[in-house]
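*Asks:* Take a look at what Swiss-Prot says about it:
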type	residues	note
DOMAIN	176-443	domain 'SF4 helicase'
BINDING	207, 208, 209, 210, 211, 212, 213, 214	ATP binding site
DOMAIN	494-643	domain 'DOD-type homing endonuclease'
DOMAIN	606-870	domain 'SF4 helicase'
């Protein structure tokens, strides 16, 4: 295939006309926002300018010259686009925005052609991948083209009358082949309980599949359009316009929807069918069936519809919530952002917005299938591999292995005292498969959780999708250890050496390697102390290395193994390569002193303890390994000693496996290390002594173990107002030079917080200064995919420690009205109430909750009142 030297399809002049037109006439933005995407612009500067315009339009701000230039400056793009010269150039080259629609279509045409070229290149490359099955190649190629066709601009809202014409043609072809304070729904009991749908309310209508969510939503929409002649906008992300129209026709004509769909209806039914078409055609119902639509696009279309109708809207229906796009690169915050935006939309247009929502499978797992509020909340969950520390033994168990267990104790924070306490778990359960995100802190602690799982901040519990980077969350400062030592000091020492520098692979001699003779001799000593005459260790010098071979003193057979092999097998750590190694659970079950012994010997292998002498000396201790799991285990063991170490990944730039460093800095943590862990060999012992001397001669400078600066706004400032203490007086008592409000921009050390607690006589600040919490900042939140997730129930504190992070297990729901549909006959065909549907009002911000019973006719996909109208 000959290379095409020409530039990719583009039209720079049209791009300039579009941008200049918007700068001249900001109202023109509404005409192209649904047609034109950012990436359609060929020139990068044009993409940045259009992105600014989209952002401003989404915030209901003008897209004039000053607003756009200000946005670009605030986001550090002003110089990149060419500054004010570029913007004024766009204005100078544009006369008006009259033809902006045609230019937008032209730009999208060029963009899609570029995308087609790129897809073509990808498909050509796939053709050369002979290692893949041909069917797989075809499938991937089709997907690329399909995704491209889906990126075309959608038609937007289409009048129902136009859709019904096509629907009637299709039906004919098939046949030939064979007053209230709110908006009244005409469902009388519902209107009586709610006073009608309140304008500016966000309403969630939830249920499991096949309960009739769409049918009920369409019924409300049709009733509002028919009885009050108010425009209704329907955004269907799941079903096409034609499918919705067919449902409305079936409900209005009372003809079986299945027979309509297949064309099997009689000649006599043409009259009610035609009448239904006429009735529905006159209704002000507008449908957009774009498969994936953002809130920004939706808002733009609703605004336009309201402007065209020159009056209020009856309602907006969205089917359904989980299919909406949030327009954010970080999916963590999207769902929360969508619901907030929908509530904002309801307030802006002063009309009820009904969002249909799919309930989780948790409903199906219960004997009573009636949905509950918690099913919609989808209480926060964590991944099955999350490790829970058992308070009774110190053992760590993955939450999935605790499934159905109860009455065991874990660690939880008592929010009254801010101290860690043991708390009993009443239930462990699986909540199905959900999208999870991995949260990582500055110390390298990580946990995978759903977007609605909550974490403790200085301002209280926040959902993961409400957290921001650099925000501090609560970690335990220390986890207590067991008081019963089940492994000898010699076993712990030998295990530390073998995990660090031992080779314990099958069909290989048990071997330990060191460049220090004293460590080789120490391993021999420890091995003899543990296994006695069952082994016959020897040291062999090979170049600069000392190899310690530890064979059995007897002949090995199929059923007779080296005693060290059996020992390591019992600990589940035999046969591991360096990057697979980890610390066995038995070590976590030891007392603090025993854990320190294990770490002392492990540190003698790939650990480092030294005083770095530069312009200013600084002590450091770190352990390096190619096993991420081992690094995490070491970090968790250090936590049992009260050391909050940092875990970091050290890339080898393709020259080998990445390394993981567990690093200890800070005077308080290093003091614990040198006092309790220390060193085995003489070189490290000398370094330990140097660090001890350095610590004794230098004052600690806390910049990591701090209380977040939000403490000023949340606790300190309200307290000094209560006590009548001025800012100047507070700073004087703290021994500071007066600096006004600049002081409030800084985090607080625990010591300074304690001083403030004394000055202000605040028990809350005092508890924070003496808490069992280490506040660590968030460095990343990343989507990882869908996986099985679990949760705990902890009566009392309602939180627990998982992966050495304090987490909660409940969330909030912010809708004004929440309704859930339940049909008993779906689960129980022999129900005494066939055809009866229950509408459960589980949350009502401005009125009562309760149950409304309706009649459901599945053949017509229709809901009806069970009782006659009553005045309310």
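Cβ from N, Cα, C; glycine included.
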*Asks:* Cβ within 8 angstroms of the Cβ centroid of 207, 208, 209, 210, 211, 212, 213, 214: which residues besides those meet this for the ATP site?
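*Replies:* Here the nearby residues are 821.
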*Asks:* Please give me the CB contact count at 10 A for residue 207 (ATP binding site), counting all chains in the structure.
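*Replies:* Its Cβ has 27 other Cβ atoms within 10 Å.
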*Asks:* On the DSSP side of things, how many residues of the domain 'DOD-type homing endonuclease' (494-643) fall into helix, strand and coil, could you say?
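*Replies:* Computed counts for the domain 'DOD-type homing endonuclease' (494-643) are 69 helix, 34 strand, 47 coil.
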*Asks:* Using DSSP and three states only, what is residue 212 (ATP binding site)?
*Replies:* coil
*Asks:* Could you list the residues of the same chain, at least six apart in sequence, whose Cβ is under 8 A from the Cβ of residue 210 (ATP binding site)?
*Replies:* 826
*Asks:* Quick one: give me the count of other CB atoms within 10 A of the CB of residue 214 (ATP binding site).
*Replies:* 22
*Asks:* Among the binding-site residues 209, 212, which residue has its Cβ surrounded by the fewest other Cβ atoms within 10 Å?
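*Replies:* Per-residue Cβ counts within 10 Å for the binding-site residues 209, 212 bottom out at 209.
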*Asks:* Taking all residues of the domain 'DOD-type homing endonuclease' (494-643) together, what is their mean pLDDT?
*Replies:* 94
*Asks:* Would you mind checking how many other C-beta atoms are within 10 angstroms of the C-beta on residue 211 (ATP binding site)?
*Replies:* 23
*Asks:* What's the number of neighbouring CB atoms sitting within 10 A of the CB on residue 208 (ATP binding site)?
*Replies:* 22
*Asks:* As a test of the contact definition, list every same-chain residue at least 6 positions from residue 213 (ATP binding site) whose Cβ is closer than 8 Å to its Cβ.
*Replies:* 205, 206, 207, 319, 320, 356, 821
